[in-house]
Every structure is written in C-alpha cells, then in structure tokens.
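Note sheet for the following structure.
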Amino acid sequence: MSTSSLRRQMKNIVHNYSEAEIKVREATSNDPWGPSSSLMSEIADLTYNVVAFSEIMSMIWKRLNDHGKNWLHVYKAMTLMEYLIKTGSERVSEQCKENMYTVQTLKDFQYVDRDGKDQGVNVREKAKQLVALLCHEDLLWEERAHTLKTKEKLAQTATASSAAVGSGPPPEAEQAWPQSSREEELHLQLALAMSKEEADQPPSCGPEHDVQLALSLRREEHEKEERIPRGDDLQLQMAIEESKRETVGQEEGSWSCSPERYPLAVPVPLT
C-alpha cells in the first residue's frame, strides 16, 4: 500500500467519512492513474439515493476547489462529474447547471509543475467539455442515452459470464455432499464396509471369467500336446541306446583282448 493510500485511509477514519464519500475520495485521489470504470459505476448507482447523492456532490465540489499541486483532485473530480451526468441520477446535471459558474472558472485553471510542464491545461480542457455538455440540452440527453445503453449491455454481459463461470454443482450433488464431520465419517465407514463386502464375494462368472477359463483349458491342452512328442522321443532314444549296447556287447565278444590275438612281443637280446 502506498503512502498516499495509507494517509487517505487515516483521514477517512479521523473524519468519519461515509461509504459514498470514501468512494469519491478514492476516485479523485492524487494517484497517477484515472478512476476505474467499476468504481465510478458504483458511485453513479449511489446517486439515486438521496442521502448518498448529497454526500457525493458535496465531496466533488470540495475537490473542485483544490488548486496547485492537487490539480489531479480537480481533473479527476470533473472526470467523475462527467460520468455521473451521463449515467447517474438526473439531479446531478441539475445541480451542475445551478453551479455552472464554479465549472466555468476552471477554464482558467493554472498550474505548472517543478519540471516546467503545464498540468493546468488538462483541467482547462476538461472544464470546456463539461460546460459545452451542460449548455447543450440535446447533446446531454443524447450522450446520456448512449452511455446508459452501453452500461446496461456491459452489465448484462458481466452477469451472464459470472453465471456461466461461477455456477455451482447441481442441487442433487449439494444434497449428497456431507454437511458435517459426523456425516462425512458415516459416509466413509459405509464406503469401507461396501469395499470389504465386494472383496469377500467370490469372483463372478461373467464373460471375463469365461474367457480366462477358456484360455486356461487351451493352455493345458497345449502342454499335453507338447508332453506327448517328448515321450516318443524318449522311447526312441532308449531303444537306440539299447541297440548300441547290444552291438557293443557283440563287438566285445569278437574283439576280445585274448593272448592269441594280441601276443606279447618277444624281447630282442642285446648284442
């Protein structure tokens, strides 16, 4: 929060300003930016209240009497006044016409800042625009009708957007949602009990179960088919080994290591 904003809030408390007066003071402050459209719209709506209207206009005339370095007070007060003339109560333009002299004197407003820049020209130009608007009744009503129509369209668009974005859950969902910690705990216990009951139930014999059973049977048949060829191979291998043993036995009988077949070598005497 800036120093000027803090000082303004302190003054609001000390002088016990009303809500309408605080809004006008904020809209016409010395902050280096213009008053927001939303804030001016709120002030315009308040002008239809008799008490608030008096407070708003009193604060605006007070701001218009500032001078010198507070030129922003004057300029923003005229900006707010122009907005209220176009969108606020008709009593705003009536009171401005009654005090036309105060607005006309601002066409001669003078202020040059320390950098040599003529800031008074902003106030003088705005004063000329206000005087022209107040002096031409047809122009005033034309501007007022156009501005009010635009404001109404913007309000309808904002309402529709707010309703679309900020729509809450349907009534059924609101009723189903736990309204207290006790009810929330009861819902949790019920959910746990239902989960346990589902876990204790045997698996259902639905389509998924039938598919799994068919796959299991198919797997068993495939394993049986694989075991049968392996048995034939084993029998064939055993028959081959038995035939080999018989052949070896016959060869051992005909090719035995007898002395007659393999006589020992006679040693040759050394000479």
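Keep in mind that glycine also has a Cβ here, set from the backbone N, Cα and C atoms.
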Which of these ranges is annotated region 'Disordered' in TrEMBL: 90-120, 152-182, 214-244?
152-182
What is the three-state DSSP composition of the domain 'ENTH' (12-144), stated as helix, strand and coil residue counts?
99 helix, 2 strand, 32 coil
